[in-house]
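According to Swiss-Prot, the feature domain 'v-SNARE coiled-coil homology' maps to 12-72. If you look up Swiss-Prot, you'll see SER5, SER18, SER55 marked as phosphoserine, on the strength of a large-scale study or a structure entry. Annotation comment: Swiss-Prot describes THR28, THR48, THR54 as phosphothreonine. Residues or ranges marked as site 'Interaction with STX8' by Swiss-Prot: ARG33. Among the features that Swiss-Prot reports, topological domain 'Vesicular' is placed at 97-100, with the record citing sequence analysis. The transmembrane segment annotation in Swiss-Prot covers 76-96.
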Amino acid sequence: MEEASEGGGNDRVRNLQSEVEGVKNIMTQNVERILARGENLEHLRNKTEDLEATSEHFKTTSQKVARKFWWKNVKMIVLICVIVFIIILFIVLFATGAFS
């Protein structure tokens, strides 16, 4: 009788050990996943910082380019105004006979 009860006890101990091993494996997997997630978050943070620096550089460069083209436009408008003024001046001078 004692052997039968001991055999049942051994089975119960083995079952408990098996469950403990299963829980241990699950916990190990969970810890590994958490560590992997932490690494992924670190990688994403680094990417975000790089993108932020790149976007800041792009913003600065685009502002410089916009300013450069604005000045080109202003110079062109001033040049056109000067040419139109000179043409009008010649027309007025010819009309009044200043060159005769």
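Residue positions begin at 1 at the first shown residue.
In case you wondered, yes, glycine gets a Cβ from its N, Cα and C as well.
Across the structure, THR48 (phosphothreonine) and ARG33 (site 'Interaction with STX8') place their CA atoms 22 angstrom apart.
If you compare Cα positions, SER55 (phosphoserine) sits closest to ARG33 out of the recorded positions SER18, THR28, ARG33. Its own atom aside, the Cβ of THR54 (phosphothreonine) has 10 Cβ atoms within 10 angstroms in the protein chains shown. In this structure, the CA atom of ARG33 (site 'Interaction with STX8') is 23 Å away from the CA atom of SER18 (phosphoserine).
Counting in whole angstrom, THR28 (phosphothreonine) lies 15 from SER18 (phosphoserine) by their C-alpha atoms.
Neighbour count (other Cβ atoms within 10 Å of the Cβ, all protein chains): 10 for THR28 (phosphothreonine).
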